[in-house]
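These notes are about the structure you will find just below.
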Amino acid sequence: MAPVDPHSYTDGAHPVTAHAALAFYLDFSASAIHASALLTLSAPHSGDLLLDTRALAVHSAATATAPTSPIPFSLAADADPVLGSALTLTLPPDTTSFLLTFSTSAAASALQWLSPPQTASALPFVFSQCQSVHARSVFPCHDTPAARITYSLLLNLPARLSAVAAARHVARRDPVPSDHRGAVPSDLWCAPGRIVEEFHMAQCVPPYLFAFAAGAIGSRDLGPRTRVYAEGGDTLLDDAAREFAGVEDMVKVGESLFGPYDWERFDLLVLPPSFPYGGMENPRMVFLTPTVIKGDAAGAQVVAHELAHSWTGNLITNKTNEDFWLNEGFTTYAERRIVEVVQGEERAALNMGIGWRGLNRMMERFKDNMEFTKLKPKMAGIDPDDVYSEVPYEKGFQFLWRIERQIGRPAFDEFLKKYIATFKFQSIDTETFLEFLKANVPGIENQVDLDVWIEGTGIPPDAMEPDSATYRKICTLAAEFKSGKIPSEDEVADWSGQEWELYLENLSKDVESSQVIALDERYKLSESRDYEVKVAFLQLAIPTGCRCYFNEVEKCLKQVGRMKYLRPLYSSLAKCSEEEKMLAKRIFSEAHEFYHPIARSVVESILSKHG
């Protein structure tokens, strides 16, 4: 076997899936999908073929040309905790396509099924989150970004609900028996009160960008190619439309910087609060947490990051998770270039400053395993979710910013556009990028130590803390806090959430509880509507033993399932006294059903690590 990816059973000596025609029957009562997948290979193949699965029940396999001719298959009995179970098919000579029927389980790591009491509409809701290695829990596939696919998708759901997907919406129509290809019996597929939403994705994408959601979803138009969708009703839609009103302008800025936008539409879906990320860059349909709606258009920055992925991550993709920085480092750089144009240099510098603090914090987090401070870490046997961090984002950004400083922005912009045009709709590794860099920026390896940046641990000596008047002022005020100085109301009069976040991130962790309480009494940070500010403050308060904030911590952990907040709050509690540990365990026991499976697994890992 010639593995192409440490996180996939895909054999590099075999062809991979090029197209998937999927028919999904959404069974909300069982929290399961009953499905068929007609998979077409990139080349004819005979004999064994391996696919990735996790917690899937595979019912049948047959040739596409003769559905009554079964294909022998076996599903590994012992599931690997990271890889899942290999599905081995024994294909007849020169097979180009085959049909599988299967069902997901209630334990599918990519899917969250929300019951009516858990939604704003009091109707059921389901959504997928396939990054990094969770598409295999939705359908059998070559679940590696090295294998890009096009796909069609039929979603059969109750007619009172609607669906969206990271693909072109073709039609909403009545189901017909020829749709399902054995996913379920025809009388079930065509039952009264069911509807089919049909989608098609013509551009090839890695499987982790497969995405859909179904529930009581409404929408508002934002521009000629942008629309916002949400489950939370008219008030949430109105708030989201105001927050993201400038998205079309952002798309135009992105095009001016990085070249044509190749995905036709840039729509947004605001998910329920249990969504585990700030945003997910699914092409054509970005998924967002409702916590980015802050009422001051600051949430547009998360949108800028997901938009930037349209070029760096979606158009050019990391070949494996060991090359994840190619997605996130480039996208963080591109995001800040967009922010600089739309919101100004000072705002971009604040963004960079928060990132710089985050990168330094990651050095502390991984001090016992510095492998994960490398831009290209060795990941075999490691669950990407367990070591997900700011390193690929911020160290990757710093690397690209270092190159920009070396050759100048005009030359770097020319390089960036050429890079995107050369590798669009491809998945590449770090070595391919370095070869392209050295070929197009002759002598760069003599000016920037590429080996230290890629293979070295920690923060390279030529990384640079950002600088701006606002950034310096905030850092100075943060340094003065340890001696008891709280910023005056005049000093913070024009601060938004981002300024407060940077201030809190720069405060010494060695402060007294009385100082924390005094700061909060003046500025009510623990009650902030901006979760970035609230969580940064609570993170500061927990180690000081300020038990007066435990109710706010509990409320936060039960209202929002975003891992950016769960990870630091649970970690802070788990590292404290036995009382705080017991609090963390109680909150988790009461809230875990609310969390997405990915988030649930991360919190379980934190609580297990700290006893």
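Every residue number used here counts from 1 along the chain in the order it is shown.
Cβ from N, Cα, C; glycine included.
Annotation for Glu281 (peptide binding site): same-chain Cβ neighbours under 8 Å, separated by at least 6 residues, are Leu209, His305, Glu306, His309, Ser310, Gly313, Asn314, Thr331. As annotated by TrEMBL, peptide binding site applies to Gln129, Cys130, Gln131, Pro276, Tyr277, Gly278, Gly279, Met280, Glu281, Arg562, Met563, Lys564.
What TrEMBL records for His305, His309, Glu328 is Zn(2+) binding site. If you draw a 10 Å sphere around the CB of His309 (Zn(2+) binding site), it holds 24 other CB atoms from the protein chains shown.
According to TrEMBL, the active site, proton acceptor annotation covers Glu306. Around the Cβ of Glu306 (active site, proton acceptor), 25 further Cβ atoms fall within 10 Å across all displayed protein chains.
Residues near Tyr393 (active site, proton donor) in space but far in sequence (CB under 8 A, at least 6 apart, same chain), listed by position: Trp325, Glu328, Gly329, Thr331, Thr332, Gly355, Gly358. Per TrEMBL, active site, proton donor is recorded for Tyr393.
TrEMBL lists 469-607 with the feature domain 'Peptidase M1 leukotriene A4 hydrolase/aminopeptidase C-terminal'.
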Site extent for peptide (largest Cα pair distance over Gln129, Cys130, Gln131, Pro276, Tyr277, Gly278, Gly279, Met280, Glu281, Arg562, Met563, Lys564, Å): 17
Gln129 (peptide binding site): tally of other CB atoms within 10 A of its CB: 26
Per-state residue totals over the domain 'Peptidase M1 leukotriene A4 hydrolase/aminopeptidase C-terminal' (469-607) - DSSP helix, strand, coil: 101 helix, 0 strand, 38 coil
Close in space, distant in sequence - Met563 (peptide binding site), Cβ under 8 Å, 6 or more apart: Pro276, Tyr277, Tyr388, Ile598, Ala599, Val602
For Tyr277 (peptide binding site), the number of other Cβ atoms found within 10 Å of its own Cβ: 22
